[in-house]
Amino acid sequence: MPFGNTHNNFKLNFSVDDEYPDLTKHNNHMAKLLTKEIYAKLRDKQTPTGYTLDDVIQTGVDNPGHPFIMTVGCVAGDEESYEVFKDLLDPVISDRHGGYKATDKHKTDLNFENLKGGDDLDPNYVLSSRVRTGRSIKGYALPPHNTRGERRAVERLSVEALNSLDGEFKGKYYPLKSMTDAEQEQLINDHFLFDKPVSPLLLAAGMARDWPDGRGIWHNENKTFLVWVNEEDHLRVIAMQKGGNMKEVFKRFCVGLQRIEEIFKKHNHGFMWNEHLGFILTCPSNLGTGLRGGVHVKLPKLSTHAKFEEILTRLRLQKRGTGGVDTASVGGVFDISNADRIGSSEVDQVQCVVDGVKLMVEMEKKLEKGESIDSMIPAQK
Amino acid sequence: MNGTVLLCVTVAGQTEGSLATPWHCNKEGHTYFCSAVLKKAKALPFYLVPTVLHKTRPTSADSKSIWVKMASSFARVLSSKRKVGILSLVGAGSLTVGFFLNREHVNAGSNVRRIYPASAEYPDLRKHNNCMASHLTPAIYAKLCDKSTPNGYTLDEAIQTGVDNPGHPFIKTVGMVAGDEESYGVFADLFNPVIKERHNGYDACNMKHPTDLDYSKIRGGVFDDKYVLSSRVRTGRSIRGLSLPPACTRAERREVERVVIDALAGLKGDLAGKYFSLTIMTDQEQQQLIDDHFLFDKPVSPLLTCAGMARDWPDARGIWHNNEKTFLVWVNEEDHTRVISMEKGGNMKRVFERFCKGLLEVEKLIQEKGWEFMWNENLGYILTCPSNLGTGLRAGVHVNLPRLSKDTRFSKILDNLRLQKRGTGGVDTAAVGSTFDISNLDRLGQSEVQLVQTVIDGVNYLIECEKKLEKGQDIKIPPPISQFK
């Protein structure tokens with residue numbers, strides 16, 4: 001319930017021209033695609049939970065964007081947003097996800113055995129491996145729109161589900177609001193703790209409301225499987241470990257996710273999913289698999305090669321700094337992960353990472369020996 | 001006061017229905033109809049907007065002018081594109097107006113989505129230190145959480161800023177805002193205790209707030225330039241009928257801008273000036289405004305952003321100032337308007353004169369177009385933050401007090417004079433050197449003239465203390481001045 005938008009019917013007293021946002025200086029997917037006609041068509045609609053068009057677009061109106069970085073500029077408040085506002089969201093999804101059509105079907109594949117290789121990435125170069133995704137609990141509004149009662153219910157359900165895990169998944173929940181200083185210190189040192197969002201992209205969408213109520217971190221005893229509760233999505237699920245054994249990480253990821261899903265289903269609250277959009281998450285950029293599988297890899301020579309960006313694009317990969325999104329690389333170490341989220345399965349996307357990183361490490365070794373890598377440059381996948 | 005009237009419901013000149021009904025007006029000026037009327041009203045295709053009906057602030061003694069004032073704001077309502085039925089009732093000595101709104105157009109009070117009981121939604125305020133958290137009991141929350149103002153503003157929205165900003169052990173913030181004029185009525189069970197705490201015991205139900213912009217009553221007010229570097233008076237004004245910054249739609253905000261700049265364009269003489277819209281300002285204009293210390297930025301304070309006041313920035317925001325740069329109006333920042341009169345040096349008397357003249361002239365200009373400021377006799381001028389109710393006035397000087405500021409009695413002297421100190425960067429900044437921003441503590445319960453006189457008398461006393469200390473003489477802590485006059 002971002003501010004002022006619950007009284008949508010009152011707004012209809014004003015003309016479209018008077019209410020239509022000024023997007024002339026904006027550069028985000030929403031601003032590109034929200035014509036006055038679409039605004040007029042959708043402005044009197046709301047989802048069953050009361051989420052409106054102005055709620056969807058507020059973050060994009062408040063954050064004009066960057067000339068070089070194209071942000072999405074809109075969010076979903078609940079599962080039905082993607083249906084009720086499809087006249088805006090389908091074009092945004094298509095624009096963001098390389099032409100994904102409104103009629104396309106998305107394939108889900110969490111069978112880790114389908115992954116080939118991935119257990120032999122050179123640990124001299126690949127420092128750590130990580131796979132993350134998000135999940136939304138069916139029947140509850142999403143972080144931009146949920147009430148305190150809903151957020152607390154999601155937390156209760158999630159903690160119950162997670163606490164019933166055993167074996168390598170046995171773990172503990174640390175609610176943000178009652179964490180001890182010692183626990184907090186440890187979670188920071190483990191790089192597990194998430195902070196109240198400061199990004200205006202998230203704040204303008206109302207995702208930091210009532211912080212830290214209903215938020216927390218769960219992780220297993222081995223510290224290789226981690227779940228964030230009520231940050232940017234209901235759940236963010238992360239499997240990670242040092243070194244290059246992506247195969248093991250992906251296996252733990254898939255097994256853990258499936259165990260959690262079984263427990264939620266037993267309580268009649270499965271995950272939000274449909275065959276067109278795959279897993280439903282708050283930000284349209286995370287639809288499909290919502291998966292980002294990546295490694296921290298040392299590529300000091302390759303990263304300065306003229307063709308680095310092109311190689312990444314052809315391999316369907318993206319680079320980030322080691323601090324995550326919108327950070328710079330430190331000491332030639334890059335975070336390399338899959339660029340796609342929708343239209344290909346989890347296995348497909350992790351396969352891209354595994355194959356692509358293996359190739360780039362070989363390229364790095366060649367460059368170290370002063371050899372050319374021209375013959376190794378791949379075709380567009 | 002009470003009576004019996006024939007209520008005629010008319011839409012665009014056609015009489016849709018009529019009811020004979022008793023009504024009464026309580027001492028606060030709120031009008032109530034008997035419940036039988038409401039039942040009958042429900043049968044009509046319209047319903048009564050549960051809005052408090054205000055008596056207009058009288059500017060002259062005869063009741064005729066009250067009728068004229070009301071007629072103009074209701075002429076605007078009639079001419080608006082909204083379908084409204086007008087109910088008019090005439091009783092002993094006052095005309096009050098309400099309007100029926102067509103049901104299809106407004107859902108007053110029914111938007112509040114409730115799937116969990118109030119106890120599951122009640123915020124966790126255990127680590128909070130703000131006025132809202134001190135007074136929002138679970139019982140009050142349960143009572144108010146299903147209510148909304150006619151425009152749809154809810155309790156959760158009003159308190160969101162206080163939930164998101166737990167506060168500081170030493171600085172107690174207010175922790176809630178109003179989304180529209182009716183918020184103060186619909187959520188009175190929470191606003192009134194908050195107002196009482198923030199305004200040192202002011203009882204919003206029973207006390208009346210005096211408004212007085214007669215600058216000729218000021219005594220003294222020309223300070224020694226050796227000590228007083230600059231003088232400034234600011235307040236805010238809201239346009240009745242349009243939602244406040246936490247809740248306004250883009251269209252409403254643009255309408256505020258249109259109404260205000262239209263009025264400001266009518267100012268003449270030393271008040272004539274120009275408007276600079278934040279959306280189309282040139283780089284050069286922006287630089288000039290920064291150099292003049294007039295430019296305001298997109299709010300970064302989470303107290304404001306969590307209340308939704310920075311939405312759609314910089315749409316419909318701007319700065320107007322007169323050519324002499326002594327009278328400045330901010331449009332759509334934290335309030336519909338913030339009005340500032342200032343100049344270098346110590347002539348607070350002149351600053352306040354210009355302030356009053358400018359405000360009264362702007363008010364006259366908007367009334368000619370059928371608009372008025374939000375005001376009522378209990379809360380004075382209605383602004384977004386409860387801390388700015390009443391006069392919304394902060395009159396202050398930048399004053400150099402090298403010796404007095406180091407004296408251990410400085411804070412106590414300020415307290416007794418009902419003054420507060422801030423750094424020269426404004427609220428929550430530190431003093432630079434020994435120059436302080438000294439201004440009135442109070443906002444509500446005393447008039448503009450009284451508060452400015454308090455500042456003048458107080459600053460005179462501070463300068464006297466400084467002079468005494470210069471000469472090696474001792475100073476005295478003054479007796480505390482009374483708060484509500």
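Cβ coordinates are placed from backbone N, Cα and C, and glycine is handled just like the others.
Annotated ATP binding site per TrEMBL: A:128-132, A:His191, A:Arg236, A:292-296, A:320-325, in sequence order. For A:Gly294 (ATP binding site), the count of additional Cβ atoms within 10 Å of its Cβ stands at 26 [all protein chains shown].
Over the domain 'Phosphagen kinase N-terminal' (A:11-98), the average per-residue pLDDT in this prediction is 94. Per TrEMBL, the feature domain 'Phosphagen kinase N-terminal' maps to A:11-98.
As annotated by TrEMBL, domain 'Phosphagen kinase C-terminal' applies to A:125-367.
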Mapped DSSP class for A:Arg236 (ATP binding site), helix or strand or coil:
strand
Mind telling me which of the binding-site residues A:Ser128, A:Val131, A:Arg236, A:Arg320 has the densest Cβ neighbourhood, counting other Cβ atoms within 10 Å?
A:Val131
For A:Ser128 (ATP binding site), just give me the three-state DSSP call.
strand
Counting by DSSP, what is the helix, strand and coil composition of the domain 'Phosphagen kinase N-terminal' (A:11-98)?
42 helix, 6 strand, 40 coil
